[in-house]
């Protein structure tokens, strides 16, 4: 009867120790898989970020081209007072001191070139 108990105890100890080894091995495999998954997610995230940056650059390029081709805005028309140091006269106009009329205002006006 003692041999049966000893045999049973020996088998039980071996099963428990081998089971724990399998558990540790499974845990290590799971860690490796999660690390691989994380690296894949990092790669996918970086790829998506690059695509978004390229798209943003294209959109900003289109905006700058559009602003270059758009009409002039916020300019001063003909016969309107302007600042001598910062003339904002429309294209084709120049900020000049008036010849006859308006000299008493001591101001500059936008005139045709």
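The backbone N, Cα and C atoms fix where each Cβ goes, and this holds for glycine too.
From a predicted model like this one, the values you see are computed outputs, not experimental measurements.
According to Swiss-Prot:
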DISULFID  75-90  disulfide bond
DISULFID  82-95  disulfide bond
DISULFID  89-110  disulfide bond
REGION    61-83  region 'Disordered'
SIGNAL    1-21  signal peptide
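Taking CA atoms as the reference points, residue 90 (disulfide bond) and residue 110 (disulfide bond) are 8 Å apart.
Same-chain residues at least 6 positions away in sequence with a Cβ under 8 Å from that of residue 82 (disulfide bond) are, in sequence order, 76, 88, 89, 95, 108, 109, 110. DSSP gives residue 75 (disulfide bond) a coil state; it is part of no helix or strand. Highest Cβ count within 10 Å among the disulfide-bonded residues 75, 89: 89. A simple Cβ count within 10 Å picks out one of the disulfide-bonded residues 90, 95 as the most packed, and that one is 95. Using a 10 Å Cβ-Cβ cutoff, residue 110 (disulfide bond) registers 21 neighbours. Residue 89 (disulfide bond) falls within a strand when secondary structure is assigned with DSSP.
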